[in-house]
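Worksheet for the structure shown next.
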Amino acid sequence: MSLSAFTLFLALIGGTSGQYYDYDFPLSIYGQSSPNCAPECNCPESYPSAMYCDELKLKSVPMVPPGIKYLYLRNNQIDHIDEKAFENVTDLQWLILDHNLLENSKIKGRVFSKLKQLKKLHINHNNLTESVGPLPKSLEDLQLTHNKITKLGSFEGLVNLTFIHLQHNRLKEDAVSAAFKGLKSLEYLDLSFNQIARLPSGLPVSLLTLYLDNNKISNIPDEYFKRFNALQYLRLSHNELADSGIPGNSFNVSSLVELDLSYNKLKNIPTVNENLENYYLEVNQLEKFDIKSFCKILGPLSYSKIKHLRLDGNRISETSLPPDMYECLRVANEVTLN
């Protein structure tokens, strides 16, 4: 496999999880460019449908020839997108605009909704103050991280949208609550590093992964997570959660595999379902280990599935652990204490 092919192969792998990995290879590494390419960009002959225009100090979107499906415009100075910018590439599937100077007012008309084959749209590290749109129904992966977003438009009708990354913005709960209505395919939602003080209503029950860490959340409504029958990964670390703000069965969700409550103000270990495998509670104010937080009943077939448990940065010492702890945590590989 040529090095240029390997580069795109890595990007394709990164795309399968909804993540985008930034490989900063110089343009010369891609080899000879295909003739069907903007002169200032590079289109590897082995992957002529990909056009790389990274780090060229571009101030506008270059001419994109027909046949391009993967367009990379990272690390430029692009501050506007004209409505006809992608007129020749209606079959564009990936559009990567990370690290530019884009503002909402300078993204014209229905420039994205015209791209009926678009699956990935990444506009991370720009100057957006609200979500972009309208968007095509084909979209699967939307990334708008590291902007200044305070307002979300509705994503209703985006039936294929599976991944949404909104971390490192300025969102509050009122801006979030109505935005995700009707997203029946949404599996991954990252709202970390925002200004959310209450858990937003109206989140899709289809979610497998929900990240709300590094916000200002202090309480959890009773049975809030009960309706999320598919939820597997939940992060609420670096919030303001205390015992008084967590009803008894808040995290008794049978589908949960991983729960992160680290860096909060908890004095007692919240009760979890026996199916939970990874539980992160480091740097709280925990004073005791209550086995009933993990096992309601102990028996040959009644035990916790916990594999990794972090309790470091608390007031629990090894000598204070109950003698029957490992009868409950019998499959644990790692229990981290101070």
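Cβ coordinates come from backbone N, Cα and C, glycine included.
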Which residue among Q19, Q32 does Swiss-Prot mark as pyrrolidone carboxylic acid?
Q19
Answer for the disulfide partner of C328 (Swiss-Prot, candidates C53, C295) is C295
Which residues in the same chain, at least 6 apart in sequence, have a Cβ under 8 Å from the Cβ of S304 (phosphoserine)?
E274, L276, F294, C295, C328, L329, R330, V331, A332
Taking DSSP as the reference, which of helix, strand or coil describes S304 (phosphoserine)?
coil
